[in-house]
């Protein structure tokens, strides 16, 4: 009974907020659902390329310090590729739809939906197996670097922070790509890289006591950056 309580608690912690954002915002418009699904697909492509590179370059298989930056750079490349594809599709749609049915590129909900797609796919791919494994054994699993919190729950906390970060970073990234702003793009890459490298702390004795708070710090920075981006964009439109 306790194992199932931990399972559902971790499930709601990891997926509750991002699932709510999808249902309350993205699912209300068919265009946004398509954008979100496409964004998730491009996240998968980035993950596939990263896994392929990892498998064909033996040194990466024994160096997580090198694997994390490469994977993050590839994710950011595919974020930009997704943006380029979206721009072209949006221009094509404009030619065949009436003005009131168009989805303008500067619409905040577009970048928001894209971020939700990225975040949901990341959560499913990186946390789904951990969650499923939590109900297969007897009792909760712990790690040496995080002995006070069950692995499934500590991973749920990290997933929560990462999904919020993904949504916020997509908003900032869209603004940076639209305006060719090096500052916006650099902020996205640096925050993403910082959150990824913080996981290296799980290799020593401080473990999740440091890595989880740092992941939430990265998420907070991303949300602040997104809020400032939205505020400045709204101000400049008047």
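Each residue, glycine too, has its Cβ placed from N, Cα and C.
Listed in TrEMBL for this protein:
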- 6-26: transmembrane segment (TRANSMEM)
- 33-57: transmembrane segment (TRANSMEM)
- 63-87: transmembrane segment (TRANSMEM)
- 108-131: transmembrane segment (TRANSMEM)
- 151-174: transmembrane segment (TRANSMEM)
- 181-198: transmembrane segment (TRANSMEM)
- 210-230: transmembrane segment (TRANSMEM)
Criterion met for the transmembrane segment (63-87) and the transmembrane segment (181-198) (at least three Cβ pairs under 8 Å): yes
Long-range Cβ neighbours of the transmembrane segment (108-131) (under 8 Å; 6 or more residues past either end): 7, 10-11, 14-15, 18-19, 21-22, 25-26, 29, 32-33, 35-44, 47, 79, 82, 86, 151-152, 155-156, 159, 162-164, 166-171, 173-175, 230, 233
